[in-house]
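Taken verbatim from TrEMBL:
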- His67, His68, Asp109, His235, Glu239: divalent metal cation binding site (BINDING)
- 285-301: compositional bias 'Pro residues' (COMPBIAS)
- 302-311: compositional bias 'Low complexity' (COMPBIAS)
- 272-311: region 'Disordered' (REGION)
Amino acid sequence: MPAPSLADVLSALDALWPPELAESWDAVGPVCGDPSAEVRRVLFAVDPVQEVVDEAVRLGADLLVTHHPLYLRGTTTVAPVGPAGFKGRVVHDLIRGGVALLVAHTNADRADPGVSDALAAAVDLRVTGPLVPDPTDPAGRRGLGRLCELDAPLSLAAFAARAARGLPGTAAGLRIAGDPDTPIRTVAVCGGSGDSLFAEVRAAGVDAFLTADLRHHPASEARQAGPPALVDAAHWATEWPWCAQAAGQLDEISDRHGWNLRTHVSRTVTDPWTLHAPSTAPDPSDVPGPPGPADPSPYPNSPSSSSGAPR
């Protein structure tokens, strides 16, 4: 049987991740590629960055599917020069290499199965439903995030260790907020940035929330309000498991249609952080006694406690 066209493959992938599920601000769908071109090899990745494009070209991929958009906001040029020239170079290299690009972002987040289903599977959680259900889905399976259960309770420390084992390694690893001995039975997960969902997580009454990109103020306020405990992973790490899930879905479609596609998951780590330096200065709570007005700071490169207001 002849290889499917790009149009055939994109139509099949649109059925998995309907573009209409995407947020209004999002930029999903095809970025480049000839609809009539044949597709034999497909690469899945999180980010459409130069290293991934180079990998796709080396692999001989005809289609690159990424979770994150290349151009989230409008542009008037794809010139490979200027402040955003790296994006132009990506487009030029894709076209020169005969590689089409498809973006499945918030439509893949909301799909069934979606990005958070893959995250839950990576850390061995049983999904019970969406965190924020899609009101247009009568089956109640689509939506943002997922609510999950553990087969047996674990301490927060043990659950965090499980998550660290299940997710791909990154420089920063995981950050945890909560009593390490807290028993964890129920977990909300959200692949990617999740601190906009704290209200829904709290309303769900779960014991822990596994997500990424937690900022100081939302996380601090969430902890002051009580449970859940927080497990903050690298953004890329929480979304990379989706690549294998998506590749498996396309494999099933290929087998059904006799397309004989070859799918691949990118092994290029596109997490932007490359180094983690653990703190070596003393914890302020370990410094004996309250500092007096003239006492020097216990931190050699910090201003003295008598230096007035924080800068």
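Every residue, even glycine, has its Cβ placed from backbone N, Cα and C.
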Quiz item: Do any residues at least six apart in sequence from His235 (divalent metal cation binding site), in the same chain, have a Cβ closer than 8 Å to its Cβ, and if so which, in order?
Solution: Gly192, Ser193, Ala212, Asp213, Asp271
Practice problem: Compile a sequence-ordered list of residues in the same chain as Glu239 (divalent metal cation binding site), six or more apart from it, whose Cβ lies below 8 A from its Cβ; state 'none' when nothing qualifies. | Solution: Val46, His67, Val115, Leu119, Gly191, Gly192
Quiz prompt | Beyond the site residues His67, His68, Asp109, His235, Glu239: chain residues whose C-beta lies within 8 Å of the centroid, for divalent metal cation | solution = Val46, His105, Ala108, Val115, Gly191, Gly192, Trp236, Thr238, Trp242
Self-check item: Listed in sequence order, residues with CB under 8 A of Asp109 (divalent metal cation binding site) and six or more positions away
Solution: Val115, Ser116, Leu144, Gly191, Gly192
Practice problem: Give the number of CB atoms, excluding that of His68 (divalent metal cation binding site) itself, located within 10 Å of its CB. | Solution: 19
